[in-house]
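The following features are taken from Swiss-Prot:
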- CYS194: active site, for beta-ketoacyl synthase activity (ACT_SITE)
- HIS332: active site, for beta-ketoacyl synthase activity (ACT_SITE)
- HIS372: active site, for beta-ketoacyl synthase activity (ACT_SITE)
- SER632: active site, for acyl/malonyl transferase activity (ACT_SITE)
- 15-452: domain 'Ketosynthase family 3 (KS3)' (DOMAIN)
- 905-1206: domain 'PKS/mFAS DH' (DOMAIN)
- 1331-1395: domain 'Carrier' (DOMAIN)
- SER1269: O-(pantetheine 4'-phosphoryl)serine (MOD_RES)
- 905-1034: region 'N-terminal hotdog fold' (REGION)
- 935-1203: region 'Product template (PT) domain' (REGION)
- 1050-1206: region 'C-terminal hotdog fold' (REGION)
- 1334-1397: region 'Proline-rich linker region' (REGION)
- 1444-1529: region 'Alpha/beta hydrolase superfamily-type thioesterase (TE) domain' (REGION)
Amino acid sequence: MPPNTVNKAAEIPPFEPIAIVGIGIRGPGGINSLTTLWDTLVERKSHCFPLAKDPRFQRRFNPDDFKALFDGIPDSENVLHANLFDETPGLDRTYFSLSEREAAGMDVQQKLLLHVAHEALEDAGYSGAEDGSAFDPSTFGVYVATATDEVIQDPRDYDTDIYHLVRTERAFLSGQICFHFGLRGPSSSVDTVCSGSITAINDACRALATGDCRAAIAGGVHVVTPVSGPISFYCIKRAGFLDRTGQCKPFLQNGTGYSRSEGCGLVVMKRLSDAIREGDRIHGVIRGLCIRSMASPKFISQPNGAFQSVALAQAVKISGVDPAAISFVEAHGPGTAKGDLAEVSSLCSVLAQHRAVDNPLTVGSLKGNVGHAEAASGTHSLAKVIAMFQRRRIPPQADFHPSRLNPTLQPFFDKHPIRIIENEEDWNASHRIAVVGNFGASGNAGFMVIEEGSTFQPLEGRDVPKVSSPLPFVISAKDQATLVKLIHLYIDWLKQPSTFLTPLSDISYAMTARRFIHPFMISVQADSHMDLVQKLQERPPMINGSANRTPREVAFCFSGQGGERVDPRDSTLYNFSASFTDAVDMCFRVAESENLVAEEDVAILELFALEFGLVEMWKSWGIKPVALAGHSFGEYVALVCAGVLTVRDALKLLGIRAALIRAMCLDVPGKMAAVRLPLSDVNKCLEQQKSTRVELACVNSDNSVTVAGTPEDLESFRQELLKWYPAASWHLLNNMTAAFHSRFVQPILADFTNACNEVKVHPSEMVVLSGLLGKMCPVGDAVLQQHDYLVRHCRETNRFGTAISDYQRQNVERETPQPDWLEIGSHSRIISFITPASDQLKLPSHGKSAGEGWMTALDALMRLYSAGHVVDFKDVHYDVNPSAHHTDLPLYPFQLEPHFYPARREVKASSTMLASTNEVQFCPRVPSTELAPLLLNHVMAGYTLCPATTHVALMMAAASTFASSSQQEGRLAYKLSKLKVIAGFTNTTDGWLQVRRQSSTSDLEIISNDDNKIHITARAEVCKEQDLLESLSLYASFILPFKSFKFLPSTDVLRKELAYSLFNHTVNYGPHGQVLDRVWIAEDGYQAWGYSTYPGGASTAEGVPSALRDFSPMLIESVCQLIGFLMNTSTNRKDGEAFVTDELGDCSIAISKLYETKYVEIYASYKMVDGGTAGLGNVFAFDDKGQLISAFRDVRMAKMKIYVLKRLIDRGRKPEQVVTTQHVASTEVEEDNVAHNDIDDKVISVLKAALRLSEIPLDKTLGELGLDSLTAIDVGVQLERLVPHRRDHLTIDPEGNLTSLLQLLRPTPLPKSLPITSSTKESKVETVDLATSPSLPIMPNGVPTTVNGVPKPNALPTVNGLHKPNGAPAANGVPTANGVPTADGTSTEPSQTLVANISPEMLQAISSNPEVIQYAPGRTPLLLIHDGGGTSFAYYSLGNLDRTVIGIHCPGLQEGKGIESVHHAANEYANIARQYLKQQCPGHSKVLIGGWSLGGTISMMMAALFPDLVAGVVTIDTTPPGVVGLTAQQAESVLLHPWSRTDGIHGLVRRQLQLNTRASFAHPEYKTIIRVTAVNVPVYVLCAIDPFRPSESLDLPKETYQWLLSFKQSDVAEVTWKELIGERLLGVQSVPGNHWTMFTPANVKATTEALKQGLDVIEARLNKMG
């Protein structure tokens, strides 16, 4: 070996200093932050408790599991101590977008890691932005340590499923963090037992040093779980590690082992250089780290002091730190005699040798406070040191006194300057440097040298913003309720005195640039801490959008001359924005260095520099334009931004042009004037007044122009103009240097041409809207490179407005969203010329004065951000506030749900199930006559309906009856679980209710006289009252803090009278039903407190059946009614809707306590679920002693229309419609349909089992039902075995519903049938004819009253589907009614008789606008517009279209008013469609539209007028314009001919027919608009194939009869529509029936198929177009 290579490997490479920039911590005793950890340390708290005697142990573990293992082991009771969490670690599954099944399948340690990782990332200021910084998610690593599993990896002992692998494989610990936070760097899960944390951190440091990642999150987790806990305790005890008396006792003489603990700790790290550069707050800096195996040669787990010394010396050497500079050691300190001895000896040998007496080494260990958290212990120790750095204090060692020191350690303390302190003291050191030790039982151990971070982040002497102006602030959350809570957290935090010490600029930086962005947000601007508090208290508008919404785009328009003059060097932006300042300085430097602009023309330089500076500022903030439009002078700056001209050349040309104007045009008497009048009108006047020689100088917009001429000519023109158009606006522009864009600049053109020829012009790099050409010029357009372009631009008319219109038109044609507009200049005059789309922004970027610069720009920035533009707030702050650093902010308020994955074996806890029996048991029947007083106190939707609390009382009484004699001893309490409402029970004279118990179970059902119909089901349990009260007490600590909002001024306080007046729209409560005396509703509307003295009153027994004398239903009502009140008085309920109890979830009541208390205080809270269609909440009640005595958890209330609820009660059906294996098909059952039903049954069975559902609702997507990625794989494997013919196609879409999945899996195309819903429990296969079967609800007129199982309003007549009494098909109209227009043209005002006989349900139905007819999210929604009769009821009979279908009634239907015109209706319905998309379909920006007859006409008009909204059109037998030559009176004759009824709804419909017919004929612009605009969306036409044969001759034109009687309508329609819209017509399809019979039962199937085919053809074309 060559000499120069010897021992090179022994050299220690330099250690890259690693900054800890974020931390998240969890520990026993409620430790959830550095603050709570510090409180534990300085107050000498111990969180150890004996397992056997603590209720927390009883809640989590099965005592019998411990008893079986430890029976006979000495000191087992003392050994079984631990430092456990107060509550099971929970999960906010909604925040992490997890299904219930997926959340249930996760290891509890994974759940804990997700939340602690979120807090560590928030603490570090990680926002998830892919910005190329060290925090870019693509280079972010994850390193996690653990030592235990929640479930032992033997699947025989557990209920294994698709998630078993996820639960048991430790790799998923780090993988879950990567997945949920989108981190794509290295990922690793390690296990070195107790030293896991420091090992994980070491791995992360090495990866950072080598460049494998640029940021990392690392640490450990440990939770003692019900499954693994007993056996792990037993094994550790047998190994001799557990202390015989309880808590860890580091360094003490009575220490015999350690006490187990739980915890989690994660730190976020970067290279120190990156952290300093990126403005991070640095908690500490890791200077050196060494991991070694230190096992004794004799025994793997026996510590070895000599080996530890080697590792510690190596860590110190790597750090480059003088050992004497290390002043504190956070020792591993397990409290074992050998372990403490080995560790202290190593510390003395490395750190205490040659140490001065006045520089003692302080040693401590937090295990005396929190125990040993095993794999998480290292991060616990690290967190303690960081807390010490922040406070510059050293906490006392728990339970320490010099007299208690372990005698074996005394020689080391006598010989070396080393100490343990018993009182808190200052940490006095010039540089605070510490060592953290962390050892593992496997022999793996490590030491870390860490230095305080303040050394690298000095707070003193920092720069502050140069001007005292407002700064931006943003708060966001995943949902509205959480956002409100977070706002209050910020308000409380900002009021704290310590927060006032934090610079406002740091707070702004942290809130905008260093936080996750969520869908619900607010943004404000404030210039002080208290101003920010005030702005937040004022409840700024909430933005509801998607965090992943499609980014919006912006276009810049540049101001011309003539506005307010602003010197950019005087602007507040010049002192605030570095990018603005640099750009402005560059312009002045270039101009002045070459004398490009004369002093007399400095205003031009100022305007140019201002606009160029604004552009550079916006670009530096991440706002980059997609198009540039300059108005006159402004086009020079636009060309510079587009790369056509350089700054120098643009200034040179502007300087030359200005000099030429001064030299040649000052004596030319040209002036300019602005005219507010349509361009066409101005052109007419110019044509008439040619003699005045007034010229059109600028086309600003369609309604604004600028003209030029001599003063005399302009005055003459003005006078003549105002004669013609008195309303025209005229404004003389006196501040212009010349009359540009007119003959008055002709003298300068020759010289200016020479100047332009000398300038080098480059291809454009951006879209430019040319004012010269009046059109959009794409990137690289050669016309902009012509040297005479700017010469012509100076002389010819500037067509700015025409260019804008051309750009907007091309965006429509390309189906490109219109951008927002930002004016670059000192005013907002130019953007006023732009006509925006409905939601387009038009914003100025600078005020009219220099002092308004920053305020205007900031306001525009925040409005752009709120609208969805991508703003790089890091760059914003770097530009305006480069000294800003990240700082502490309130953490996100998660809504946690506890859960441990259960073992399959039964838990042998104290039995609460009912006595065993092998027979079905019944309680005595309770007749409805006894229930009547209860029902009369509960009237819903006009019906006396049995309240759910009566069912609860019946079941509790039954549980008491069925309980065994041993269970009935002492004071009892009752639990009901899985409590579901199946159907309501209404008062009948001979009715009854009865509780039935299934054999060998605790399952109870309430049945009634209605053929033993089941009304409600639940599982019942009986338990000791004291046991129940102890378990309920756990919730009290979480609930009581919310009591504070009762005293806030923003809380609504309602007394009984007002409360029940608000509640009456849903439920009318009788005197005994009004159990709430007072209600406090929180500001967020999602939580409330109630107060009730009903339990203490004498009325609790009044009207109660004898069977329920010990279980008063109204007494139970007093503790749960609040949840229904809260939901039904919230903003989530609209008029005509109600929240109705669907499931009561789990109910626990100490009934005796409820009878004894004088009053109850009730707390209720809820959240919206299932896409806003239901509320899910909890309600708890406290007695007069403050004890929690009842709980209703997971109460689900479905939201529905009142009229639907009424019909459901009528039919005795459950509110939620669920699917069974029942199908609507042809009465002639074919073999393929039998095959379909067989496959359907199997598919539904697989889904039910996989999703753990008893039924599959049709109105929810599979994703909403819990079909996540892993479940989809599981289901897919099973389905491939069932349907091998579809293996190559099988992709299960979570966005689809059951119908779409069945269609995918059937072996042949979907048959001509539709799935309907049923509430029956039996699974039958039936085939039902759509038209004739009585199983499908049919109206008297033959139109189904349900579609896809969704009930439609009773007696829903459709004009085109009604039948006359003799069975002949009705015409599209109704006969004359009193007060209704007649066929002869006479008319009167609508009479009250028109609505007198219409049912409330029908009035409710026609007032619901728009109406959801079918619901199937995913594909583009279909909007169907009413026919000539004004209703959309015809569309209810359509079959399944596999998409959401929305119907629009005529808004004036109920008032007897028709449409004003086709044009007006198109505008009105477009607004309805936009609002529906925004509120209900945020993922869609367009709709497919269509309609029958008049509905098709309006649809075509909408397509012509609103191509940004309409994706395609399907017309249903709509007559092409100009084909049928009828007068309005003749049209009425045809439409009204077959009708003979005049009552009720028919009168309204008849009036609609007549009014709408006249409106259509009175406004013949329809054909012209269709032809001129050339409808630019795909169109598909359906035509009736049969002719119309009236029963008598009508006086009609010949061509009309030919159309009505011909079989060739489709041919004529195709030719006519083709002539009008050309290639956009994709097809014309004939449909059986004539115009008036297309939706009758005989023809509706064919109409459905044709409509569906047309929609598919349109979507295929749209997909092809991209």
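Backbone N, Cα and C atoms are what each Cβ position is placed from, and that goes for glycine too.
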Looking only at DSSP and grouping its letters into three states, which state does CYS194 (active site, for beta-ketoacyl synthase activity) belong to?
helix
Give the helix, strand or coil assignment DSSP yields for HIS372 (active site, for beta-ketoacyl synthase activity).
strand
Three-state composition of the region 'Alpha/beta hydrolase superfamily-type thioesterase (TE) domain' (1444-1529), taking helix and strand from DSSP:
33 helix, 17 strand, 36 coil
10 Å Cβ neighbour count around HIS332 (active site, for beta-ketoacyl synthase activity)?
31
Across all the protein chains here, work out how many other Cβ atoms are within 10 Å of the Cβ of HIS372 (active site, for beta-ketoacyl synthase activity).
30
For the region 'Product template (PT) domain' (935-1203), would you mind checking the mean pLDDT of the predicted model?
77
